[in-house]
Structure formats: C-alpha cells, structure tokens
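Record features, source Swiss-Prot:
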- 51-278: domain 'Radical SAM core' (DOMAIN)
- 66, 70, 73: [4Fe-4S] cluster binding site (BINDING)
- 110, 141, 201, 273: [2Fe-2S] cluster binding site (BINDING)
C-alpha cells in the first residue's frame, strides 16, 4: 500500500519495533470499544504514571498569510476566515508569554509560525527566540514548516528540544486535504529533524471526511517512523467558516477515543497529546481519552488561532479526575 511504501522509502521502521500494517491497525479500530480502551489503559500504565498529564503551552509567534492551501487551516492566505495577519513577534513579547505559561504550570513552550517553511533570515530570528525561552528553564518546541538543509541543526544548536511536523492525514487522503505539498515533503523534513538530533512531535488531524481505514493509515504511518515520535498530538478538526472543511461530516466521539486508544497501543512509549478540538469536548469525553492513553494537553486559552479550554477549567477537570501535572519528580 502507498502508506507502507512511503514509510519504507523515507523512514525505515526500526527492526526492534513492531511493524504496523494498515490492515493490522484497522483491526485494532474494529476491537469492541470498551475492550480497546481497557487494552490501551493497560499499556499506558506499563510505560507512564497514569495520574500525570504533561502540560504544554502553544503560542502563535507569526500568524496568518500562509501560502499553503491546507483545507483545515484558517491561517491560509487563500481563505477568508477573519484571521488577522501578524508578522513575527518581538522576542520580549514572546518571553512575557513564556513566563506566564511557566508560572501556570506548563513545562514546555511551543511556538508556531504560519510559514510554508522558514527562510534563512527567519531562522536567525527564531534561534534568538529559542535561546531566550530556553533560558527560562522551559522545554522548547517549534513548528515552522518545511525545513531546508542545515536549518534543523541551527535550531538544535539554539536549544530547541522538539520539532513539531504533523503528517496531517493518511497518504491516501492527503491530496483531498492539501494540494500545495506532498506527504513525502513531510517525511523529508522529519528525516532532517531526526538527523539533527531533535526530538519529534508528530501527529495528525481526524474528522476531515477520512474513512476509518484512512485513520488507520495515519496511525500506521506515525507508528512506523524510526524511531517513533516522542510526542503524538491527535487533533480533532476545528471547523472554521471560510475553510474548505467548514462543513466536514461530524466525527462520533467514540471514534475519536478509538483513535487515541489505537495511538497508545501502537506507540506505547510516546506521549499522546489531546490537542485541537478539546474546547468542544465534554469533560466525560476528555476523561475517556485520558483512560484510553492520552497523557498530554495544550494548556492555555488559545491554540494558535483557535479556542482552547481555559486554565482554570483544566485545573478543575484534573482535580476531578485526580490527575496532576507531570514533573521530573512524579515522572515514571
């Protein structure tokens, strides 16, 4: 299948890691719901403290005006979504936000820029920002798009810990969502990131009119990366008026929980992050996601330009569920 060929040609699965065919992952999705969640919960407890949640804060440091045509994204210059373009923020403004994030319990500060990919002059500014955030004692993560040769090394030298570069969706469904880049382009940048010694944050989006088999294809593609991503954000589509996917078919909540569980089973040592779309989830649905193996969230009232639950609400939910922020002391 295309997903398998792309993986083998671009990033070969490690022989010590179980290889996940699309058919094998699809079979997991077909597992009876409660049995699937139970299996995922067992695997989660084997590798992580089940009472801790890793907290990250995400900030848009350059907003809007992106030339890409991603059908889900309100930051594309091709769509009229009401997003106001904003050039790269001043380092002092970013540091002020990072200090607030740390004071509120975040251990990682993630920065996103709406570029197809950064130019060399952008990297100079971004490395300055990374150094400043790193000096606060926070882990750093960046999502800046497709990288040219040498850029990942520059980011690593500046102190970047993680690079986020999502696969978005299954290779078979990719052209239905994005036309300005190829699935292989994502794999190419991920290869550069790994070669530079950076940790990888790589996930995708569900609810973009994909089939269950295509959801399985996304998870298989992620699980077969070598090595597997340290962090796997699973996003539920946030429908934004003006984007091509504004009228996408609603995904049943159990299917999203299944996706979390399958991600946990296939990537047992990765952090599985409950990402975009969480503001539209009930507390009960989020609790099921945590039971199914999600152990990381974005903490803060914005995810780039979309809404996210407020910190007070997250603190209350964590208290109800007897969960606490992950620290070096309570990490398994």
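Any Cβ shown, glycine's included, is placed from N, Cα and C.
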Ask   = Using Cα coordinates, what distance in whole Å links residue 73 ([4Fe-4S] cluster binding site) and residue 201 ([2Fe-2S] cluster binding site)?
value = 19
Residues within 8 Å of the 66, 70, 73 Cβ centre (excluding the [4Fe-4S] cluster site residues themselves) = 68, 69, 72, 74, 75, 76, 114
Query = If one looks at the chain holding residue 141 ([2Fe-2S] cluster binding site), which residues at least 6 apart in sequence have a CB under 8 angstroms from its CB?
reply = 56, 108, 109, 110, 111, 160, 161, 162, 163, 164, 201, 231
Ask   = Looking at Cβ-Cβ distances, which residues of the chain lie under 8 angstroms from residue 66 ([4Fe-4S] cluster binding site) while being 6 or more apart from it?
value = 73, 75, 76, 77, 114, 115, 116
Ask   = In sequence order, what residues of the same chain, 6+ apart, have a Cβ less than 8 Å from the Cβ of residue 273 ([2Fe-2S] cluster binding site)?
value = 54, 56, 201, 203, 231, 232, 233, 234, 294, 296, 297, 298
Remark   = All chains considered, the count of other Cβ atoms within 10 Å of the Cβ of residue 73 ([4Fe-4S] cluster binding site) is 27
Remark   = Smallest number of other CB atoms within 10 Å: among the binding-site residues 70, 110, 201, that is 70
Query = Which residues, in sequence order, are found in the same chain with Cβ within 8 Å of the centroid defined by the Cβ atoms of 110, 141, 201, 273 at the [2Fe-2S] cluster site, excluding those residues themselves?
reply = 56, 58, 108, 143, 162, 164, 231, 233, 298
